[in-house]
Amino acid sequence: MVLCFPLLLLLLVLWGPVCPLHAWPKRLTKAHWFEIQHIQPSPLQCNRAMSGINNYTQHCKHQNTFLHDSFQNVAAVCDLLSIVCKNRRHNCHQSSKPVNMTDCRLISGKYPQCRYSAAAQYKFFIVACDPPQKSDPRYKLVPVHLDSIL
């Protein structure tokens with residue numbers, strides 16, 4: 001039993017800093033994390049663009065879509081009619097027009113040497129929106145999750 005406590009303590013220390021793949025960095029609001037992950041008004045090469053995300057999470061994200069639009073324009077989608085999200089919540093909203101976007105997919109590498117392929121697209125998108133937190137931009141609702149691409 002004496003040996004178990006130090007092993008348990010070591011396990012907790014090693015396990016503590018691990019960030020689940022679906023979580024957002026806690027020092028950011030969900031809206032700010034959405035902006036970092038998905039808003040890119042001017043297209044960047046995927047390897048460069050994804051390094052900004054991967055540096056927060058300390059792993060190679062397998063796939064990510066960048067919307068080539070402003071946060072303001074994407075936040076305006078939150079004012080449109082709400083629809084059901086993939087998770088069955090009713091806080092999703094579909095864009096009224098397609099936008100240019102880039103889909104980045106991991107092809108090789110291990111963090112921090114992640115390598116991505118890029119596919120340019122022109123599609124509609126669906127975002128989940130929530131009320132803003134204190135440090136978020138002042139909108140009635142802000143985008144917090146890219147639910148799907150149509």
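Placement of Cβ uses the backbone N, Cα and C atoms for every residue, glycine included.
Noted in Swiss-Prot for the protein shown:
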type	residues	note
ACT_SITE	H38	active site, proton acceptor
DISULFID	C46-C104	disulfide bond
CARBOHYD	N55	N-linked glycosylation site
DISULFID	C60-C114	disulfide bond
BINDING	K61, H62, Q63, N64, T65, K86, R105	substrate binding site
SITE	K61	site 'Critical for catalytic activity'
DISULFID	C78-C129	disulfide bond
DISULFID	C85-C92	disulfide bond
CARBOHYD	N100	N-linked glycosylation site
ACT_SITE	H145	active site, proton donor
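Sequence features, as recorded in Swiss-Prot, placed on the structure.
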residue: H38; record: active site, proton acceptor; DSSP class: helix
residue: C60; record: disulfide bond; DSSP class: coil
residue: T65; record: substrate binding site; DSSP class: strand
residue: C78; record: disulfide bond; DSSP class: coil
residue: K86; record: substrate binding site; DSSP class: coil
residue: C92; record: disulfide bond; DSSP class: strand
residue: C114; record: disulfide bond; DSSP class: coil
residue: C129; record: disulfide bond; DSSP class: strand
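Taking Cβ-Cβ distances under 8 Å and a sequence gap of 6 or more within the same chain, the neighbours of the residue listed as 'active site, proton donor' are K30, F34, C85, V127, A128. Checking Cα-Cα distances from C114 (disulfide bond) against the recorded positions (H38, Q63, K86) with a 10 Å cut-off leaves nothing; none qualify. Look at the Cβ of each of the disulfide-bonded residues C60, C92, C104, C114, C129 and count the other Cβ atoms within 10 Å; the largest number goes with C129.
Of all the recorded positions given, namely H38, C46, N55, C78, C104, C129, those whose Cα is no farther than the 10 Å limit from the Cα of N64 (substrate binding site) are H38, C46, C104. Cα-Cα distances to T65 (substrate binding site) place H38, C104 within 10 Å, out of the recorded positions H38, N55, C78, C92, C104, C129. Counted over every protein chain shown, other Cβ atoms within 10 Å are most numerous around H38 among the recorded positions H38, K61, H62, K86, R105. Using a 10 Å Cα-Cα cut-off around C92 (disulfide bond), the recorded positions H38, H62, Q63, K86, R105 reduce to K86. Note on proximity: among H38, K86, R105, the recorded positions of the record, the Cα nearest C60 (disulfide bond) is that of R105.
C46 (disulfide bond) is 12 Å away from K61 (substrate binding site) when you measure Cα to Cα.
In sequence order, P112 are the residues of the chain that are 6 or more apart from N55 (N-linked glycosylation site) and have a CB within less than 8 Å of its CB. Taking only the Cα positions, the spacing between Q63 (substrate binding site) and C78 (disulfide bond) is 24 angstrom.
Secondary structure at N55 (N-linked glycosylation site), taken from DSSP and collapsed to helix, strand or coil, is helix.
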